[in-house]
Amino acid sequence: MATLPVLPLTDAVLLPGMAIPVTLDPTTQAAVDAARATGDQRLLAVPRLDGEYGPVGVVATIEKVGRLPSGEPAAVVRGLARARIGSGVPGPGAALWVEAAELAEPAPAGRARELAREYRALMTSVLQQRGAWQVIDAIERMTDLSELADSAGYVSWLSLAQKTELLAAPDVTTRLELLVGWVRAHLAEQEVAEQINTDVREGLEKSQREFLLRQQLATIRKELGEDEPEGSADYRARVEAADLPAPVRDAALREVGKLERASDASPEAGWIRTWLDTVLEMPWNTRTEDNTDLVAARAVLDADHAGLTDVKDRILEYLAVRNRRVERNLGVVGGRGSGAVLALAGPPGVGKTSLGESVARALGRRFVRVSLGGVRDEAEIRGHRRTYVGALPGRIVRALREAGSMNPVVLLDEVDKLAVGYSGDPAAALLEVLDPAQNHTFRDHYLEVDLDLSDVLFLATANVVEAIPSPLLDRMELVTLDGYTEDEKVAIARDHLLPRQRERAGLTADEVTISDGVLARIAGEYTREAGVRQLERSLAKIFRKVAVTATTDPAPVHVDTGNLHRYLGRPKFSPESAERTAVPGVATGLAVTGAGGDVLFVEATSMAGEPGLTLTGQLGDVMKESAQIALSYLRSNGRRLGLDPNALAGRRIHLHVPAGAVPKDGPSAGITMVTALASLVSGRPVRPEFGMTGEVTLSGRALPIGGVKQKLLAAHRAGLTEVIIPQRNEPDLDDLPAEVREALTVHTLADVADVLALALRPADLDADSLDGEALATA
């Protein structure tokens, strides 16, 4: 145990065998002076990291005291042996004195030499990269393993913490293990850094080479008198010559200025050129002249589509207003609130998408279709900001660029199929586009200049109105396309579908003919849809079979109702209301689905068992509540309705709505359920020609419902002749086509008692129908 002055080291770690210079400040100067005063000039060098002394230091001797080339006082000290720091003791001078016990070094373990061999090899690889051949020779000459390990104190890329860890490890095997791991990690980092440097160097060399080649190419073109490719000067001339709004021109000239300052090899130059090309391709002040002939516009719409009176009238109103404003010099181009947005809602196949092209033809405008089905990124509407690689303008800007005018007809197809994704809600981005009060200053993220959309006629199509977000629907004028009557389907098939499918099959009118009777039968018995897509597929099937026959028999083919089954097989649909309602407990209801209106049967039966109500057919909560209301109404009002009040007592009631795989919901089946239960209790079947729809209350009132037109069209297609609807839905009958109004007898009733009196067959005393008591015991 020796008493030595402490030499604190804050920016170095001294290991045994090392000699390092130490700059002298008052603290280190005091330690050096104290050591020199003892005669043996020994002191204890201790690393001091983050203000704390380590547990192990090095007994060192002072070899020289003098000044550095910078003039600062310094001393050279050499490490002798590791020593553990003991407690402080008093001593002469201002230095800190402590007791120090030298640490004995254990004998090297058996694997120490293997570690030393690996350490030499790794250090040789590191030093070869730096060209330190003399250091390599010195390491190879070291035979003492402890000396070899402690020589790592000279390595510059080891941190002070790592060197302190080496100092605190007296076992040479432990030190060599630490060094091998550190050198391996350093070599891996060096390889990565070298690869990065190589890639950067190759990239710079490639850029320099391309720059020199471009300069040479420019010189060669100049000598040959060839035109140079578009540069910043050319873009400036194009911008100044283009017919651009003043704010857009200013923004474009600013970008041209950036292009002039940017290097040709810079990626930013390419982005600026792409942006300028997009701006210059936009039809900023180009507008087509609208057709002012309302008669001609109506003729175009009628020629392309049968029916759809509401849509056609709205287009003609829009055109008439614009013509009147032109005549009175009120101005129609642009301006706040001057746009128009129509939403065409209806089942598939009714012609919503094709109607957009007809509207454009009728107005004399260009037409662009923007498909929105499945779009889930807000940037698809507003565009990507130019900070992103591969940024593009949004679909609205691209549609205007494609149209080549600022007043096209833009069809936003399948707007109800928009989806919310992690990149935002595209429906929310459409709010500004479709708001006539805002879209005169629409700003695309890519262009970042105001774009006037107020003169664009937007048409949006949707199958399910409820799927459109309410704020978006509020900005559109809703026009409902409920489907076609049978006469309209025949006209569409005769004038459009039949010629198109005949031409696709490679046939002529002389080779095959189809009568209107066949078209009517296909529409009524082979298809049951609101639109005409399945009708067109049926015609295509007929023409394909005729084409096959024509290869062996060139005789003309006439398809009539007698031979239609040869081409399409047996009819797929037939009136089934009479068969289904022939027994008590079955009523025919009307419903609206995503494919239009449809007929819905409600079946009721009762059985002995625990009293209660069983509901099947995948009914939603609202429909289940309607069934409960219907049953409660009959139980409380049975005697007033002429029904046995005890017929339902102690019985299990089962209510089923067929097509069990299809989910169903809504309140409009209320009176149908009451009628089915009343038919079950009374034993009087429902009249087969009747269909009905309406919500019911506990007091027996028939409340209004929606989708009346679609439901009545479905009743007409299904062969029903009489329909019951709530009295408050009577104004909806004005929307019915004249053909359907003539074919259907519509009863508007306010009380369910009147519904039962009208819909149930009269009681027949001679029939084998069950009375209430017989039913209760059946």
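Using N, Cα and C of the backbone, Cβ positions are placed for all residues, glycine too.
Keep in mind it's a predicted model, so treat the numbers as computed, not measured.
Straight from Swiss-Prot, the features:
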type	residues	note
ACT_SITE	SER668	active site
ACT_SITE	LYS711	active site
BINDING	GLY346, PRO347, PRO348, GLY349, VAL350, GLY351, LYS352, THR353	ATP binding site
DOMAIN	4-187	domain 'Lon N-terminal'
DOMAIN	581-762	domain 'Lon proteolytic'
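Feature map: Swiss-Prot annotations on the structure.
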| residue | record | DSSP (3 states) |
| --- | --- | --- |
| GLY346 | ATP binding site | coil |
| GLY351 | ATP binding site | coil |
| SER668 | active site | coil |
| LYS711 | active site | helix |
Taking the mean position of the Cβ atoms of GLY346, PRO347, PRO348, GLY349, VAL350, GLY351, LYS352, THR353 as the ATP site, which residues outside that list, in the same chain, have a Cβ no more than 8 Å away, listed in sequence order? THR461, ASN463, LEU481, ALA530, GLY531
CB contacts under 8 angstroms to LYS711 (active site), restricted to the same chain and 6+ apart in sequence, sorted by sequence, are LEU590, ALA591, VAL592, GLY597, SER668, GLY691, THR693, VAL723
Which of THR353, SER668 has the fewest nearby Cβ atoms, counting only those within 10 Å, among these recorded positions? THR353
Using a Cβ cut-off under 8 Å and a sequence separation of 6 or more, which residues in the same chain sit near LYS352 (ATP binding site)? LEU344, ALA345, GLY346, THR461, LEU481
Count the Cβ atoms, other than its own, that fall within 10 Å of the Cβ of GLY351 (ATP binding site), considering every protein chain shown. 24
To see if you understand the setup: which same-chain residues, six or more apart in sequence, place their Cβ under 8 Å from that of VAL350 (ATP binding site)? LEU308, LEU481, ASP482, GLY483, TYR484, ALA530, GLY531, VAL532, GLY596
For the domain 'Lon N-terminal' (4-187), what is the mean per-residue pLDDT, to the nearest integer? 84
What's the most sparsely packed of the binding-site residues GLY346, PRO347, PRO348, GLY349, counting other C-beta atoms within 10 A? PRO348
